[in-house]
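Pulled from TrEMBL:
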{"type": "DOMAIN", "residues": "47-461", "note": "domain 'Major facilitator superfamily (MFS) profile'"}
{"type": "TRANSMEM", "residues": "112-132", "note": "transmembrane segment"}
{"type": "TRANSMEM", "residues": "144-164", "note": "transmembrane segment"}
{"type": "TRANSMEM", "residues": "176-198", "note": "transmembrane segment"}
{"type": "TRANSMEM", "residues": "210-230", "note": "transmembrane segment"}
{"type": "TRANSMEM", "residues": "281-301", "note": "transmembrane segment"}
{"type": "TRANSMEM", "residues": "313-332", "note": "transmembrane segment"}
{"type": "TRANSMEM", "residues": "344-363", "note": "transmembrane segment"}
{"type": "TRANSMEM", "residues": "369-391", "note": "transmembrane segment"}
{"type": "TRANSMEM", "residues": "403-424", "note": "transmembrane segment"}
{"type": "TRANSMEM", "residues": "436-456", "note": "transmembrane segment"}
Amino acid sequence: MADGKELKAAGYQVEDSAKTHGLSAAAMDPERRKQVEKSLKRKLDFRCSLFVFIYIMNYLDRNNIGAARLGSLQEDLGINNTQYATCLSILYVGYILMQVPSNMLINRISRPSLYIAAAMLLWGMISTLSGVTQNYAGMVAIRFFIGFVEAAFLPGALLILSKWYTKRELTLRNSILFCGNLISNAFSSLVGAAVLANMEGTLGHEAWRWLYYIEGAATMALAISAAFVLPDLPHNSRGFTEEEREVAVLRMTEDVGEADTDSAEQSAFAGFFMAIKDLKIYVMMITFTAYVVGLSFNAFFPTLTGTLGFAHIPTLLMSAPPWAFSCLVSLINAWHADRTQERFWHIVGPIFGGIVGFVISMATENVAARYIALFLQAASYAGFIVFYSWISSSFPRPPAKRAVAIAMINAFSQLGNIAGSYVWNMSDNGFRKSYGVVLAMFGATVLGCYIFKVILQNLNKKLEAGEIAFDIRDDVAEQTAKTEGVSVEEAQQLPRGFRYLV
């Protein structure tokens, strides 16, 4: 993150920008600024930690069908394997439909904490209804609406974090957030084992139904606390002092050289139109979708662990350690990505580990080797987390465009989850054909990441060759757009000294 002196040297008047946004923090004593910033980040980290627990419940409610399947869900509802795959994939149809509209809305409202809390309360209620469904049609309907409402959370959380944390801080915080995903994979196996082993027939209900009742109730309880704990925006969030809010806004102004706000003249759809004209988004959409197909083993992890030949309860218990390992690898990888300000190798490195895991699973029947392969496959999520930070840093301004970019890429990538639901129907010979498909998808992901890296490197070269053109004045914006190959709106937003992270 550049400090005020560095920005001045690059031709910026940080104090003038600060005054424009009502910030006395620009003139704050450096020692006092340091103290206030430390207090701000401590409070912010504590409050944003709730995102982790929300993400745990988000994935529990989404993926507990995998544990329920090891119970009697398919038999009780009369669902065959193809119909089960449809139950998995239909969730992502609702998820895709709602993500972009939801993120456009959350970028415009002043209290996003209440929006996320309300969405969470609603998906918890819908998830609970999974326990009372009696047939295939009912489960399909419930899964669709869970996805529709859950779409508000992840892109919304990523957008909020990008409004508070600088480029040097964001990847680690995103990694901590995504640990909720990884922990939920481990935790869901443990909860599933406990419920399936002890609650069959309780009050006349099958154990898999109790799984939905318990987890849905926990989600709704957490949603109520989210309304009071989650932060809103740097300039208006409750629970921070005036000094802390001013420093929070100034930090983001310094980070990119432009206030993290949309123009008052921009319509609600301005960010959408900017996004759809940016080639970078389409490269990321295709690459990320291939990555998601490669990671589709996630929803079938208890089933894949079951190929080791153990009974249901030991299988669920054995499904947890690989995700704990993945969480540790992800934190270390994200910390190092922030420290080095590098993205490409921190994404493809874990992918190569996953490729090794896929090859082992395809090549041997040895139980120990196949279990180690599951650890390598789970650890491939570490690159997935860094990818999300790459999205935020590659579309920095204006916030309206960043909101749409995050939602568009994440929504399109859910097509990978739909496809992935059917990839694992090929159970013959230890899922070797399925592993072949995800292996190819990981290869396509590496290629896509390399192409995106080259695009950003070329943009950085253009910035270095003609950075004087990047001025927020309208009279040079059109010429800038032609020179740098970006829209006029972006030319008005990107500051001198800005570089894309590769």
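Using N, Cα and C of the backbone, Cβ positions are placed for all residues, glycine too.
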State the non-local partners of the transmembrane segment (176-198) in its own chain: residues 6+ outside its ends, Cβ under 8 Å from one of its Cβ atoms.
48-49, 51-60, 63-64, 66-68, 70-71, 157-158, 161, 207-208, 210-211, 214-215, 298, 301-302, 312-313, 316-317, 319-324, 326-327, 330-331, 334, 378, 381, 384-385, 388
Mind checking which residues reach the transmembrane segment (112-132)? Cβ under 8 Å, same chain, six or more beyond either end.
54, 57-58, 61, 65, 105-106, 139, 142-143, 145-146, 149-150, 152-153, 156-157, 159-160, 205, 208-213, 215-220, 222-224, 226-227, 229-233
Overall pLDDT for the domain 'Major facilitator superfamily (MFS) profile' (47-461), taken as the rounded mean:
86
